[in-house]
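Q: So Swiss-Prot has the following annotated:
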- Arg294: active site (ACT_SITE)
- His226, Asp228, His284: Fe cation binding site (BINDING)
- Arg294: 2-oxoglutarate binding site (BINDING)
- 18-32: compositional bias 'Basic and acidic residues' (COMPBIAS)
- 203-305: domain 'Fe2OG dioxygenase' (DOMAIN)
- Asn211: N-linked glycosylation site (CARBOHYD)
- Asn263: N-linked glycosylation site (CARBOHYD)
- 1-32: region 'Disordered' (REGION)
- 1-41: topological domain 'Cytoplasmic' (TOPO_DOM)
- 42-62: transmembrane segment (TRANSMEM)
Amino acid sequence: MAPQRRGPPRVPEGNSAAERRHANSTKKDRLPQEAQRTWLRIVALGVSLALVTFLLWSSAGIDDDVAEVVAHRGEVLEGRFIEVPCSEDYDGHRRFEGCTPRKCGRGVTDIVITREEAEQIRRIAEKGLSLGGSDGGASILDLHSGALSVGKHFVNLYRYFGDKIQTIFSEEDFQLYRDIRQKVQLTIAEAFGIRASLLYLTKPTFFSRINSTEAQTAHDEYWHAHVDKVTYGSFDYTSLLYLSDYLEDFGGGRFVFMEEGSNKTVEPRAGRVSFFTSGSENLHRVEKVLWGTRYAITIAFTCNPDHGIEDPVLT
């Protein structure tokens, strides 16, 4: 019998071949995992960048429907005035020749009230508001009527605190208040070409302190658009004296004149006076305060002596 031909004996598979196949298999499995990890890193980076951008945007108090800043915080304006057509709001009220607005507009100046005066009158606001304060984000102090925010309500600080008021405020405080009111009144009269003696202080004229605390009542919702002549029928000329600085003391909280397609905004600066006619030609709102505390005083004037109020007196 012829011998059977056999091939070379089968050698058992060595560890090296098995390891090569295992390595190839592992490498194939690893590729999708690495791609997934790379993708996740890209997504995480994108989210981080978006978050940083949002935080920077928010901290600056940017409002995306504001088209133009007419008064930057860093500017020191001798005077800037923008004339706009008067609305018909004044027609529904008794007119006073030589005072009722025929020239309408808005102005800003940084040279009427000094920063030192603004700091001094802010301390008056701080002393008064230390007696109370709203549970929400907006607190009011009215030295004329005595109205003070306390919790979710208002009290008359003169009746509520009685003789203690003499230890909180001084006659110098009230004299400074009167001096500043007079300076603002003269500024408005000059800008609109009317006699200052025809303007009467009217209510409400008040300090405001706004922070980012969530609103608790309708009185805390200061950010809604409104017209002063509609909200307060006595107003003919409105002014605001800012007592703190945008982006230093607070974020958000800018003043926005609302116009179709091109809003105009004023950035608060301590000592800055913003003033305007009170009709619908100056529809406006205040941005929500996002951080910090914003102080200001609203000083309103009327042409109707029947709606006039006296300067506050410390008695």
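Any Cβ shown, glycine's included, is placed from N, Cα and C.
Burial and contacts for the listed features, if you can.
A: According to DSSP, Arg294 (active site) sits within a strand segment.
Its Cβ placed at the centre, His284 (Fe cation binding site) has 21 other Cβ atoms within 10 Å.
For Arg294 (active site), the number of other Cβ atoms no farther than 10 Å from its own Cβ, over all displayed protein chains, is 27.
In the three-state DSSP classification, Asn211 (N-linked glycosylation site) falls within coil. Non-local contacts of Asn211 (N-linked glycosylation site) by the CB criterion (under 8 A, 6+ apart in sequence, same chain) comprise Gly137, Phe250, Val289, Gly292, Thr293, Arg294.
Taking all protein chains in view, 19 other C-beta atoms sit within 10 angstroms of the C-beta of Asn263 (N-linked glycosylation site).
On the 0 to 100 pLDDT scale, the model's mean across the topological domain 'Cytoplasmic' (1-41) is 53.
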Q: Any same-chain residues 6+ apart from Asp228 (Fe cation binding site) with CB under 8 Å of its CB? Would you list them in sequence order, or say none?
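A: Residues satisfying the criterion: Phe235, Thr238, Ser278, Gly279, Asn282, Ala300.
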Q: Between the Cα atoms of Asn263 (N-linked glycosylation site) and His284 (Fe cation binding site), what distance do you get, rounded to the nearest Å?
A: 9
